[in-house]
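Over in TrEMBL, the protein carries these features:
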type	residues	note
DOMAIN	25-510	domain 'Major facilitator superfamily (MFS) profile'
REGION	512-537	region 'Disordered'
TRANSMEM	20-46	transmembrane segment
TRANSMEM	66-89	transmembrane segment
TRANSMEM	101-120	transmembrane segment
TRANSMEM	126-144	transmembrane segment
TRANSMEM	165-194	transmembrane segment
TRANSMEM	214-232	transmembrane segment
TRANSMEM	298-317	transmembrane segment
TRANSMEM	352-369	transmembrane segment
TRANSMEM	375-394	transmembrane segment
TRANSMEM	406-425	transmembrane segment
TRANSMEM	445-465	transmembrane segment
TRANSMEM	486-505	transmembrane segment
């Protein structure tokens, strides 16, 4: 395929006007992130309910709670599956094409969301084992959506609005969080109205009605519905023209695919080169080769390290909001509520935080990312995450007083706002823009997997670290930790590190994918440009 013909295909993609297909692709590609955030939101509610249903201790002053190892497994197994899925499907997306692997991830998400609400047996062990099995494979499917969705959106978008469209795919997480909150509130409200129960302190057994066992299953299984609705549309999406032109080397097919979905004028070629054999790649450098590391090594370190550090802080906060709310007294004590009352009140509190802090942060990023750039947004986000973490942690005892609860919640909500108007969005966008097409999905998968490794550390570490330093005040089965105050200080320090590692990541605002990845340079040219950062605010 002549290089000038290839460049013509790419330049048409960069110049194509924003049109209806771009918005359709956001919804289709974003359903994986909807399911991801829906599951993440709901599992923190479900763990409280599971503890009451399956781990009640006769005569205990406190409602049942999941033992430490069980809580860690339920919270962490989906993250482990996500990490594995990001690496596997990232690699597969570069080998088979973006479209080839895309349907598999959605089928996994739909099937395993339904499976999460099933049980092979009624004992605590069998219920938890079934839940963990399906949650691992749910995570595996969700993990595949990270590199594939980001890469598909980046390769279809034009260079002027590319950042906004990739960020909009990720911002579907916000709708997933809100949907999770609304489903939990509605389901718990219905069951509360039909099946009245006294608080635990009045009736320890009766406070958890038998029908509560249906509640958590319905909530988890509902996550399959939106994903299933987009399955047909996802299967009809053509391969991205950039992959077809640059990796599969089939310019004719790339033109046909562009004509299907984008309103661009396709000029007829007198001679169309057919797909060339894959051994054309032999002249190009391989992943992790010396030349790759010179050109992209620091960039990959930057995208992976910042995502890793962000997710330690972000998932610590997200998974254990209920514990933070309880610690500062914003939620009543568990013994003063029935099981369904507790579910309802936690869901309401988390939905309020999402509505006021989390969701607006996503969409502010969508609107500003192509104006002030990825680099500036990431620095702003890490800076304010650090500032607000320390503002919560240093005068922590001040915030635990009842009259100061509202102030605590406002500042806590702002940490979520600046995570999403900040690194939680940009760490997803940038890896889809700065690497060559033949490595793009793999490198995004590696960066995302580094993030999930941080999430696993956050999920497991915060669970233990945030326990009270006084052994008599820890949750059942846990050793004393460093306390909530010191845990928040640690998260602040982690955010500082993320701020400085951001300087390894280049600015991609307004540049074509090929310009960022140096895709069109002569492969024989070994001259390496230094890593540099351009900031436009």
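Every residue, even glycine, has its Cβ placed from backbone N, Cα and C.
Sequence-distant contacts of the transmembrane segment (214-232), counting only residues of its own chain at least 6 positions beyond either end whose CB sits under 8 Å from a CB of the stretch, comprise 27-28, 31-32, 34-35, 38-39, 42-43, 45-46, 49-50, 53, 103, 106-107, 109-111, 113-114, 116-118, 179-180, 183-184, 187-188, 191, 340, 343. Remote same-chain partners of the transmembrane segment (126-144), defined as residues 6 or more beyond its termini with a Cβ less than 8 Å from a stretch Cβ, comprise 32, 35-36, 39, 43, 50, 54, 70, 73-74, 77-90, 92, 101, 104-109, 111-113, 115-116, 118-120, 448-449, 452. Residues belonging to the domain 'Major facilitator superfamily (MFS) profile' (25-510) score a mean pLDDT of 87 in the model. If you look at the transmembrane segment (486-505), the same-chain residues 6 or more away from its ends with a CB under 8 A from one of its CBs are 298-299, 301-303, 305-306, 309-310, 312-313, 316-317, 374-375, 378-379, 382-383, 385-386, 389-390, 392-394, 396, 423, 430, 434, 462, 465-466, 531, 533.
Remote same-chain residues near the transmembrane segment (66-89) are listed as 36, 39-40, 43-44, 46-47, 50-51, 55, 101, 104-105, 128, 131-132, 135-148, 315, 319, 441, 445-446, 448-449, 452-453, 455-456, 459-460, 463-464, 475-478 (criterion: CB distance under 8 Å, separation of at least six residues from the stretch ends). Against the transmembrane segment (165-194), the recorded stretches 20-46, 298-317, 352-369, 375-394 differ in Cβ pairs under 8 Å, and the greatest number is found for 20-46. Contact counts against the transmembrane segment (298-317), taken as Cβ pairs under 8 Å, peak for 375-394 among the stretches 20-46, 352-369, 375-394.
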